[in-house]
Structure formats: structure tokens, C-alpha cells
Amino acid sequence: MEKALNEAVSKSFVGSYFKLEQRKSCFTRELRAAIATFLTMAYIITVNATIIAASGGTCSVADCSSPAGPDCRVKPNVGYETCLAKTKSDLVVATAVSALVGSVAMGLLANLPLGLAPAMGPNAYLTFNLVGFHGTGSISYQTALAVFLVEGCAFLFISAVGLRGKLAKLIPHSVRLGCAAGIGLFIAFTGLQSSLGVGLIGPDPSNLVTITACKMVDPETGACLGGKLQSPKFWLGIVGLLITSYGLMKNIKGSMIYGIVFVTFVSWFRHTEVTYFPDTPVGDESYEYFKQVVGFHKIESTAGMMSFSDFNEKGVWVALGTLFYVDVLAITGTMYTMAEIGGFLDEKGHFEGEYVAYMVDAGSTIVGSALGVSSTATFVESSAGLREGGRTGLTAVFVGFFFFLSLFFTPLLSSVPPWAIGPSLVMVGVMMMKVVKDIDWNNTKDAVPAFATMLLMPLTYSIANGIIAGIGLYIALSLYDYAASIVHWLRKMKRMVAKEQNQVSATAPVEII
């Protein structure tokens, strides 16, 4: 039956359009590849929504329950927490729709088996570097979305005129590698904190940061109550980390999902020390929404919220330049890597559908910003589908279909706790650190900028600071080479001029008196 199905599809319009026979693939193989890709990247639905929701979205002091002061956004407040819960549900839907549109477009237009979704890195940059935790940063959520929209348009333009690959090659190789590793460290650092992760790391008045994982925290001062490393939620998160790690050790597809599912399932039981639904008004409301299980949520607070009113500020343009740089490097590099794994590259380093793939990639960012999320990009988890034999855009179309199905389980996806998300963020950091082996640590000119890039991102809590430091150091260390080459050129020119003068003197006629 499987053979008959594959033959029928291969000879149909679908098989002809996606070139199943030409690329030596079949319907069931593409379906298996899509399942593998979706299982490995589905974690982004809840992870991305949790990260961006930490910015507060469109929630403001006006949403706080009275009496409320200007600091109600960073202290427990029923009204503000209710607004955050609705924002997270909006972002779950926005993430899934962005992945749906990007993946289907990649499959139908570029005919490549690559899944797309809001990328890790840009989402952390939006939350912690631009908007700030619960809106305490220098840029509003609405302005940040406008920055992503403009950056997506610029990205689309350079893709259309063929400059994308050339711009990526202008960046020093060591800084590119340091940028990827630094973003990984930054993401892992957020996964270790309490707001987005397992709560292992917390502030310290003497040492800036320290180990916490406290059983209770003073809501006013943030002081640790009940002893460090006593939080049951922290230890439950560690179990999830071990499950994910063991699964990756054994190459089990969907390992990150299994870790998240286990921790989340345990946290759904009420009246326990690890419950996500405490006996509070907010907990009761969240539990009532969770019990719906199946339900389609309409985006109410994040779609179409871009604002260009603050584009006259310097910080907006710094953010725009940083995002543009990160996308040119990370997204372009990921796509090339996936093309290489899939065996699509030719002798000149190009692959079929490359131009359209770049256009889809950039256009998906525009769609994502319109829905309220950060840059949408090709996911490295697409390699799971490539290893399963996915070779055509049919794989990407199936991936988009699975994201479509996830839209009907918003109550469940919105009820994933931070201590279930934290381990997956740490594992993302682990996977992004693999590039450090390609840095030439014996070459100081490469090692110092790369190290500064990856070190300053988590320590300054800014992706932009790491990038600026890396490029600045590389330029500074290159000044000697530039000066030496100029001096060498001047000496060469001097010798040439002297040689020509000698030749002129030798051939000049001698006057006889």
C-alpha cells in the first residue's frame, strides 16, 4: 500500500510540482522527514511566547490592579499578571502562524525541505535589550516591532538585489563564530534565571549574580527565603534537563519536547509545591482556561501594534543595525548549512531555489513582526528532517500543516511553566556553542575579538555590546597589518620612482660643448 501510494503521488501534479522522482524521494519519506523536523522545533511555540511575553508586550501600568504604583509591573499584581497571561496566549498563536506561513512558503515557492519559525536570539534581544523585562527598557514593545518590520524590509531588499551573501562575507570569520556562541551563552543565561527558567541564578549585592533556587523569594526585595537550592521547581527543571540530555545522547527525535512535556505535565497538578496553577486569583483563572484543552485563540493585543513615533531616537537605529547584522550572519549561515547537509550545493556554492529561499526568509520576518513576534528564520532543526530523507518542499509544507494543528491547542501551549522552558534554553546554548571549535585560538587576532564577543553578550546582558566589541577589537588589531601594508606599498613606490629616474638619467643625451 505504501509503495502504491508513493507511486501515485509521484506521478500526480503534487509529485511533479515538488520534483519527487527527480530528487529521488517519495511521499511517505517526506512525511516522516516533516514529523522529525516538527518534533525537534515545536518547542519554539512555547519558548518564543514565554521569552517575548517577559517583555510585557502591550501591558502597561494601566492594566495593574489598584492600588498600583509605577513599579506594579515588576512586583506581584493580579491585573498585570492577567494581562501577561493573555499576551502569552496571543504570542503562542503568533509564533505558530509565523512558522506556518514561513514553512509553507518555503515549501511551495523554493521547494526546499526547511522549516521556519521565530528565531532564538532575536527574541531575547527584543525582550532584554530593547523592551526590557516587563517594559522597563528604553524602547516600547510597539517600537521594537516597528524595528523588526523595517529590518525585515531591508533584509528583503538586499535579498532581492543579491547582496545578502556578499554582506555576510564582509564580516570577520572569527567574529561571526563568536557571535553565534555568544548568543548561545546569552540564551542559556536567561534559561538559568527565575523569570524565564529554572531559577538557579539570581542577583547578589556583593557579587552581582549568585546561586539562588530559593524555595521562596521576598516579592519586595528579591531576597532569598528558605535557603538556596531548596526550590522544588528548580529540581523538577533539572529532571527535565536530564531527560532532554539523555534523549540527545541517544539521538532520539523530539528530545527537547519530551523534557518540556514531562516537567509541564507534573506542574499541571494543583495543590503541589511545583504547580503552575497556585491557589490565587490568577492561578484559578489560568486553570479554568487550561481546562478547555482545545480552543482557538484570537490574537488581540500583539498583531499590528507597530509604532514609528520614536524612530528619531539613536537607540532605535542602533537596534536596527544590530538586528540587521545578526540576521545577515545567523540566518544566511543557517540556510547555507542546511543546503550543505541536504546535498543541494553545487561546485560554486549555490543551490536550487536559493534566490527564492532568501526572499521567503526575509518576507517571513515581515509577517512575524506584523503578528507581534521577532525575526522568522530557517531553523537548524531542519537537519533532523534532512537526515530522514526530506529533499523537497513537501516536507516544509507538512511542517507548516503541523503548526496549523497546534493552533487549536492554545490553552495547553499557554500553560507551560518557565521551569519547563529553562532546560530547553540551556540546551539551545549548548548546541550553539559548537562553533567555538572552528575559531583559530592560536591566532590572537581572531581569538581576542571572538572571545570578547561571546563574553560580553551575557555579562553586559546585551547582544549589541558583544557585536560592537568584537568588530571594534578586530579593526584595532588589524591596524598594524594595514599600517605595515601601507608602509610596504610606499617603499615599493619609492623604489619604482627611483628606478625610473635612474633609467631617465641613463638614457638622457649628453651635451657636447
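Along the chain as shown, residues are numbered 1 onward.
Positions of Cβ are set from backbone N, Cα and C atoms, glycine also.
TrEMBL entries are annotated by machine, without manual review.
What TrEMBL annotates here:
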TRANSMEM  91-119  transmembrane segment
TRANSMEM  139-163  transmembrane segment
TRANSMEM  175-196  transmembrane segment
TRANSMEM  315-336  transmembrane segment
TRANSMEM  356-380  transmembrane segment
TRANSMEM  392-413  transmembrane segment
TRANSMEM  471-490  transmembrane segment
Highest-contact recorded stretch vs the transmembrane segment (356-380), from 315-336, 392-413, 471-490, CB pairs under 8 Å: 315-336
Folded-back contacts onto the transmembrane segment (315-336), same chain, C-beta under 8 angstroms, at least six residues removed: 114, 119, 121-122, 125, 129-130, 138-139, 143-144, 147-148, 150-151, 154-155, 158, 164-165, 167-168, 171, 176, 179-180, 183, 345, 349, 357-358, 361, 365, 375, 377-380, 463-464, 467
Closest-packing stretch to the transmembrane segment (91-119), where packing means Cβ pairs under 8 Å, from 175-196, 392-413, 471-490: 392-413
